[in-house]
Amino acid sequence: MTRISPLQKARYGYVPKLPPVLQDEIARIQAELGQPTEAVADREDLKRLFANTYGKPIATLTRGSNPEAGRRRTVGVILSGGPAPGGHNVICGLFDALKKANRESTLIGFKGGPSGILDDEWIEFTDSLINQYRNTGGFDIIGSGRTKIETPEQFAKALENAKKHGLDALVIIGGDDSNTNAALLAEYFVQQGAPIQVIGIPKTIDGDLKNEYIEASFGFDTATKVYAELIGNIARDAISSRKYWHFIRLMGRSASHIALECALQTHPNVCIVSEEVREKNMTLSQIVDQIVDAVVKRAAKGENFGVVLVPEGLIEFIPEVGALIDELNTLLAKEAEVFNRIDDPRERISWVKGKLSGNNQHVFSSLPETIQAQLLMDRDPHGNVQVSRIETEKLLIEMVSSRLKALKEEGAYKGKFSALNHFFGYEARCAFPSNFDADYCYALGFTAFVLIANGLTGYIAAIKNLARPAVEWKPMGIPLTMMMNMEKRHGKMKPVIRKALVDLEGAPFKRFATQRDAWATESAYVFPGAIQYYGPDDVCNQPTMTLKLEQGLE
């Protein structure tokens, strides 16, 4: 028999908070539709690609009447991409809402991600199974995967298996790529005359699936709290031993939301924000200068220790390196067959050097061989460089160390520099969800079903007013096409949901920018400690600093 921890046992008893409108009978909740919407960019291209689902109105859930809510339904659900804390509660909320509307309705889960609907691997959810996963971390209830449904054969197979199960709707829980898939499936089903609704759920710990209506993706709250605890622990170790500089790489390939939130929570000496690097056209050398400046100033005060936060995707945001990666992605997509026949790593490097254009060839040649090799490792499923394999923090340590050595020889630096590197990634993906994520995810699952009960398809579930107590939350449905634009993938233009980057004019970054100079020279660390689930509201129910600052509550 599997043992469960006392905390897990206690969390089974936690009852997630719902906004008032979702506490009503499902038949008394209606979707109030607004005006037609437009995509964020590339509107004509997207109108052609989504001829049946483009331009839908925003749906706001309000009290009203929905006579169709109680009919018997079969709904499928898929967990897609990397795990994020709270995924199980989305499924629990979806299950509870569906059963509240009609006990005879059925929820089935496709196993292992989108491949589950293609291979027809599935389970039916029961009360006893659902109850084992309430308020727990992970995606293990059905597993996840990164398969993309993109070929005509895959779309046809997904439809065939959906019809086989008599699906009325399919809910896809995932990030920007997964929700792009949801939009494409919704369009395909309508095109084929199949009355199968598709609803997306915004998931990603990176925090880059957000906009005016999606205030946060689920998992971001928990993940940043886990990382902030670890950073705080390391900062406390730094001021205890007083001899190490800790370089910490954090998740966030496409945006620096995690690094920024963790900086606001812990006050490191240096935090690099990738978006600022790109905006200021900074070189790798200038980033090194910024870190060296902090090291030298702190050494002058006798403080040969510190904490540096580095976003996982930094290297792509350095314009000169970003241009290189863009060309590499295109080159290796076009010439994959030839490249894959070369086994020796050094021969691969030499072959690539010969294919790159002028400045990109120069930048590639200037990087240490270890970084060159990492840039040429296996692509991710979308054909891009696997940025998490690039150990940027080690590159920075090497370059900072070299610069300090030169300064010491000039007599401009008299301190000691001993660096340790860390990468925080998997540690947070399956953590017990914070109270915020437990509540938010349960409400998202509930919202998804109410959107289904109102006959909507091609929408993503959303909740507004997240920085305030759940009693003030407002559930909505946002048209997926509204968030899309065209981007180059595998060397071709494809419709995708636009990633949200750190807004350099936004309140979170501005707060950070006003304080970072003081943090660089002082040891002003804050120690958040572990996530708390019980106790006063200011200890266990606080949203992220990012949310509070964005909504003017901090």
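Cβ atoms are placed via backbone N, Cα and C, with glycine included.
Copied over from Swiss-Prot:
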ACT_SITE  Asp206  active site, proton acceptor
BINDING   Gly82  diphosphate binding site
BINDING   Asp176  Mg(2+) binding site
SITE      Asp177  site 'Important for catalytic activity and substrate specificity'
SITE      Lys203  site 'Important for catalytic activity'
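Here the features listed in Swiss-Prot are painted onto the structure.
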residue	record	contacts (Cβ under 8 Å, 6+ apart)
Gly82	diphosphate binding site	Ser144, Gly175, Thr204, Ile205, Arg429
Asp176	Mg(2+) binding site	Thr204, Asp208, Leu209, Val496, Ile497, Arg498, Lys499
Lys203	site 'Important for catalytic activity'	Ser80, Gly81, Ala84, Gly86, Gly87, Val90, Ile173, Gly174, Gly175, Ser178, Leu209, Ser217, Phe218, Gly219
Asp206	active site, proton acceptor	Gly175, Ser217, Phe220, Met251, Gly252, Arg253, Ser254, Ala255, His257, Ile258
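DSSP classifies Asp177 (site 'Important for catalytic activity and substrate specificity') as helix under the three-state reduction. A simple way to gauge crowding: the CB of Asp177 (site 'Important for catalytic activity and substrate specificity') has 21 other CB atoms within 10 angstroms, across all the protein chains here.
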